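The structure appears below as structure tokens.
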Amino acid sequence: MSVVGIDLGFQSCYVAVARAGGIETIANEYSDRCTPACISFGPKNRSIGAAAKSQVISNAKNTVQGFKRFHGRAFSDPFVEAEKSNLAYDIVQLPTGLTGIKVKYMEEERNFTTEQVTAMLLSKLKETAESVLKKPVVDCVVSVPCFYTDAERRSVMDATQIAGLNCLRLMNETTAVALAYGIYKQDLPALEEKPRNVVFVDMGHSSYQVSVCAFNRGKLKVLATAFDTTLGGRKFDEVLVNHFCEEFGKKYKLDIKSKIRALLRLSQECEKLKKLMSANASDLPLSIECFMNDVDVSGTMNRGKFLEMCDDLLARVEPPLRSVLEQAKLRKEDIYAVEIVGGATRIPAVKEKISKFFGKELSTTLNADEAVTRGCALQCAILSPAFKVREFSITDVVPYSISLRWNSPAEEGSSDCEVFTKNHSAPFSKVLTFYRKEPFTLEAYYSSPQDLPYPDPAIAQFLVQKVTPQSDGSSSKVKVKVRVNVHGIFSVSSASLVEVLKFEENEEPMETDQNAKEEEKMQVDQEEPHAEEQQQQTPAENKAESEEMETSQAASKDKKMDQPPQAKKAKVKTSTVDLPIENQLLWQIDREMLNLYIENEGKMIMQDKLKKERNDAKNAVEEYVYEMRDKLSGEYEKFVSEDDRNSFTLKLEDTENWLYEDGEDQPKQVYVDKLAELKNLGQPIKMRFQESEERPKLFEELGKQIQQYMKVISSFKNKEDQYDHLDAADMLKVEKSTNEAMEWMNNKLNLQNKQSLTVDPVVKAKEIEAKIKELMSVCGPIISKPKPKVEPPKEEQKNAEQNGPVDGQGDSPGPQAAEQGTDTAVPSDSDKKLPEMDID
């Protein structure tokens, strides 16, 4: 089973796998561990990753990048509206209202959903992993920003399904970093000791995330998270782009923003300049040849001036740091270390701001680029039964408070309740109790829209169906289980109706006197049982933490509810009936459409494969033309007649011209047939050359074998001691085989020496190899027969002398022993061992 972690970044992606030796980040076909999050659409196929990145300028309108933040967002979303101006490609409103990406693919206009585009990238990463692992990749853990909402998370989950992946967990990026940090630490405090608090700062290309985590041995608990969803490396790039657009506009009278290709070129150069300034404080040049209208442009920038222009961005670094400490109720002195990851944390001013806030040196023990994917791979290994991993419990948090709202006819309106507070432990389940006579709807939403980086606070609506009153007409007790799962997605996972079957001793039904009051109320399980359980959990139990949280929470609630005071105990028999739930999720893709996307992705993968095979076949023809043309005037020259060489050379030239004219775009089979046609002419020449290279070596080896056996025959005839044990009849066989081999070799050598090199050889290398094997199989076993061993003479008296006294020493045997003689001697070894042989 494969164990894969995927860091799905805004600008670039990484894939890591768990192997016997640990976690390894995989390199792609370009030997680069970083794969650009980029897809380019062409008339025949798609290019994904590094191949697509090279087409960003040449195929700007059909090359898609920066699409990660469109997940689960409507076309009318303010964020999408703001992003439009930064995109070289077109985005459109889909029939569902979501954001679509418009490109020209296979010579026709196509609209793709964000899920489809992300699935294309995931398919490429999957292919990269499979090429290294040499086996199928299905199970994986994928990273998402910690600030993603339900709709965005479900959108990414749909993308993994379209790509044919089974996502075991959507893991928050900061949590993945914390896992990569903590699982290898050997000096963490014990479970009963005060935890070690570590802050993780992740500033990538598009966003800025901070989390504070508490570590104990074998345990990681996220305490709080904070973020700035738009502060990242690209904001610093934009500062440079805007500066040079203004400067070049004045200096060269160019309107750069009117030409998307010019703007893309400038953006690429500014990103390079930004990275250079991180390591160099002096003035650095920026030069672009033939930038616009055949005009060469140039400018300079230094770190000091750049930081002045970025003052407003740098001011946004501190608030999330302060927020995360306030949420976790920690002081700066409580922080053990501050670990930084992400490409933008390499900017010296950013590091300085973070270090100054905490008043301590920053820690850089993790790989800034690969920490997230390594954490995801570790989580996948923990979840996989195929790997034995050190026990490590992971408790994440709910980033936003979640509430439920339901209709309350008795109160002529609606009621609501906050079921998960901000920074509540996750994964987690709660059981809510309602009293209802008919089906009802629960509406889930985020309680604090002002904290949400998303325009719509709604999560979903859940219709609990088939709710009926009790047989006496009273309200039924309905237990509803709500859950935030390992992906951070909220759901009403189950609902059940408690049906009263029988009342004994003519007593009133339990809770009947309260039914009128509780008609439209609900009960929420308290969270204390979970907290107690967390303290009592052993590391072994922590591995199944999410399930234990849910089970114990529900069980403890039932225990409380079902154990009223003994004096008022009502003897009732009840049964539980599961109720169907109809989900109406925000921006959810329906199953039928998802299957269609899966089918389309399969077709596109096949089209890419066919295109690659066609290109490989075409390249093989071109490669063969160049190879044979060079060798015909080189090492193959004396193995082909002049007429044949001239005609073959002409054929090669015709093929080369055909490749760039009529044969430029042909089906794969045409190239395969063309290559076979050329090889029919070239293969005999190649064979003659190879035979001429191998034949002398093999004849030499055969001659050595014959010479060796002739020496043995001569030694045997001279009756040398070394071979005097060999049988004369066998040696006659050796002599006969050796003479025959010598005669065969001399005959073939004479014939071959008379043969021209431009025709096929008289004898081939494989025939000589067969003759060598034949000779060795006959002669080898005979001459290598070992001499028989000569047994040394036995010393018969030795044992007898050692059995009795030596030189008169030792006790004499008694009279009885003397009379018995050897019949009463000490039992022999075989006699001693005999009883043991009877024991099973």
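Every residue gets a Cβ built from N, Cα and C, even glycine.
Here is what Swiss-Prot records for this protein:
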MOD_RES   Lys53  N6-acetyllysine
MOD_RES   Ser76  phosphoserine
MOD_RES   Tyr89  phosphotyrosine
MOD_RES   Tyr336  phosphotyrosine
MOD_RES   Ser393  phosphoserine
MOD_RES   Ser415  phosphoserine
MOD_RES   Lys430  N6-acetyllysine
REGION    506-575  region 'Disordered'
COMPBIAS  514-533  compositional bias 'Basic and acidic residues'
MOD_RES   Ser647  phosphoserine
MOD_RES   Tyr660  phosphotyrosine
MOD_RES   Lys679  N6-acetyllysine
MOD_RES   Ser756  phosphoserine
MOD_RES   Lys773  N6-methyllysine
REGION    782-840  region 'Disordered'
COMPBIAS  788-799  compositional bias 'Basic and acidic residues'
COMPBIAS  829-840  compositional bias 'Basic and acidic residues'
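Mapped onto this structure are the features recorded in Swiss-Prot.
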residue	record	CB count, 10 Å
Ser76	phosphoserine	11
Tyr336	phosphotyrosine	15
Ser393	phosphoserine	21
Ser415	phosphoserine	14
Lys430	N6-acetyllysine	22
Ser647	phosphoserine	13
Tyr660	phosphotyrosine	9
Lys679	N6-acetyllysine	13
Ser756	phosphoserine	10
Lys773	N6-methyllysine	11
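Mapped onto three states, the DSSP output places Ser647 (phosphoserine) in helix.
Within the same chain, residues at least 6 positions away in sequence whose Cβ sits under 8 Å from that of Tyr89 (phosphotyrosine) are Ala60, Lys61, Asn62, Thr63, Val64, Ile101, Lys102, Val103.
Distance from the CA of Ser415 (phosphoserine) to the CA of Tyr660 (phosphotyrosine) is 74 Å.
The modified residues recorded for this entry are Ser76, Ser393, Ser647, and the Cα of Ser76 lies nearest to that of Ser415 (phosphoserine).
For Ser393 (phosphoserine), the nearest neighbour among the modified residues Tyr336, Ser647, Lys679, judged by Cα separation, is Tyr336.
Taking Cβ-Cβ distances under 8 Å and a sequence gap of 6 or more within the same chain, the neighbours of Lys53 (N6-acetyllysine) are Pro36, Cys38.
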